[in-house]
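Straight from TrEMBL, the features:
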DOMAIN    43-315  domain 'Gcp-like'
BINDING   His129, His133, Asp309  Fe cation binding site
BINDING   Val151, Val152, Ser153, Gly154, Gly155, Asp184, Gly197, Asn285  substrate binding site
Amino acid sequence: MSVSAASAPSVPSGPVRILGIDTSCDDTGVGIVELLPDGRVNLLANRVWSQTVHARYGGVMPELASREHVERIDEVMGDALREAGLNVTDIGAVAATSGPGLVGALLVGLMYGKGLAQALNVPFHAAHHLEGHIFAAASEAELRAPFLALVVSGGHTHLFDVPRDGEYVLVGATMDDAAGEAFDKIARLAGLGYPGGPAISEAATRGNPDAVPFKEPLQGQKTFNFSFSGLKTAALLAHRAGAAPEDLAASFQQAAVKVLVKTTTRAAHAHGRGTVVVSGGVAANAALREAFGATDLNVVFPGRGLNTDNGAMIALAGAAAIRAGRPASPLDGGATAYAPLANA
Ligand code: KG4
Ligand code: ZN
C-alpha cells in the first residue's frame, strides 16, 4: 500500500468519531478518536488485548495470533465503545491496519473493520501500520508536516522525512535487527524475560552503564542507517565473560539510546527539521525519552499506552487521512505482509 499526498481537503462539518483497529501482530487493539471540524483530535478510548499465548514458544506464532484476534475482537471493541461512552451507531468512520504485519492476523481486523463500516454505512480507511505509529504522537500535539519521524519498534527502526502531509521519504533504516528486537534478544540472553524492552529498562536502573564497553555501530557513516547486530554480538561476548545482567542491561541501553539519538539528530539537522516524532514500542523507554529531551529538537512522543501496538494510533492515522481529504479506501483491498510506507 502506498500513501499518497493529500488531495483537496474536505473536512467534515461536524465532529466525526473514528474507530481504529490494529491486529497486525499479537495485540488486538481498538481505539476511538473524535475529529473536530477545526482539525483538532480528541482521544476517546484505547483498549488493547495483549496475547499471552505466545510466551511459551518464545516468539509470536502467527496462526495462534489470528485465532486469538477472532476470539477477542468483539470484546475489545465493546470495551472501547464503553470507555468512550458511545454506541456503535455514533461511529462515523472506521480505520483498520492493512499492512505491514502477519497476513492472517491483519485480515481479522481488516475484515472486521470493513464489515463494520459497511454495516454502519460509513467510510472505511485502510491504514498503514507505520503511519499509525507516527500518528500515535498526534495524541500529544497537532502533527503537521514538515517533521522527521523515527519509528522504533520490535519490527522497525525507520527514519522518515515528512516534507508534506501524507508524504514519506525514507532517510534511514536498520541494516539488520530492529532496535526492539535487540532489546528482546539481549534480555533473553541475560535471562531478564519477555518483552525485553521493559525488562532491560527496569534492570538498567540497578546496573552500571559503563561496566560493559560497547563500540558505536556504523561510527563515522555519512548516511542515517542503524545497525544493532554488533551490539548483540558484544552483549553475547560480555555475557559469556560473566557480566552481571543489570550491568549488561544498563550498558546496552546506554549504547542503543546514544546511537538512536545521535543518528536521528544528525538527520533532523541535515533535513532542516526542528520537530521529530519518536514512536513505536521502544519510544516508551525512559532513557531514550530523557536523551531526546536533552537535544535542541522539539521531540514529540506518543501519549501513555500509545507507544506499543494499539488501535487508537490507527484511528489517529484515519483522522489525519480524513482531515487531509484523502478518499475512503475500496472495500476489496487486501492485507499485505510487506508494505513500504515511503512513496519517494
Ligand atoms: O510497536 P510494538 O508494540 O510492536 C511492533 O510493531 O514491533 O513494539 C514492541 C517492541 C518490543 O521489541 C519491546 O521490547 C519494545 O517495543 N519495548 C521497549 C520498551 N517497551 C517496549 N523497548 C525499550 N524500552 C521499553 N520501555
Ligand atoms: Zn508496531
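The backbone N, Cα and C atoms fix where each Cβ goes, and this holds for glycine too.
Among the binding-site residues His129, Val151, Val152, no residue has its Cβ under 6 Å from any atom of ligand 1. If you take the Cα of Gly154 (substrate binding site) and the Cα of His129 (Fe cation binding site), they are about 13 angstrom apart, rounded to a whole number. Highlighted in sequence order, Asp22, Ser24, Thr97, Leu130, Gly132, Ala136, Val151, Ser153, Gly280, Asn310, Met313, Ile314 have their Cβ within 8 Å of the centre of the Cβ atoms of His129, His133, Asp309, the residues recorded for Fe cation, and are not part of that set. For Asn285 (substrate binding site), the same-chain residues 6+ apart in sequence whose C-beta sits under 8 angstroms from its C-beta are Gly197, Ser201, Gln253, Val257. Remark: of the binding-site residues Asp184, Asp309, the most isolated position is Asp184 (fewest other Cβ atoms within 10 Å of its Cβ). Gly154 (substrate binding site): 24 other CB atoms within 10 A of its CB, across all protein chains. Only Ser153, Asp309, of the binding-site residues Val152, Ser153, Gly154, Gly197, Asp309, place a Cβ under 6 Å from an atom of ligand 2. Residue environment of Gly155 (substrate binding site) contains 19 other Cβ atoms, counted within 10 Å of its Cβ in all protein chains. Neighbour list (Ser153 (substrate binding site), Cβ cut-off 8 Å, at least 6 residues apart, same chain): His133, Ala178, Ala179, Gly180, Gly280, Gly281, Val282, Thr308, Asp309.
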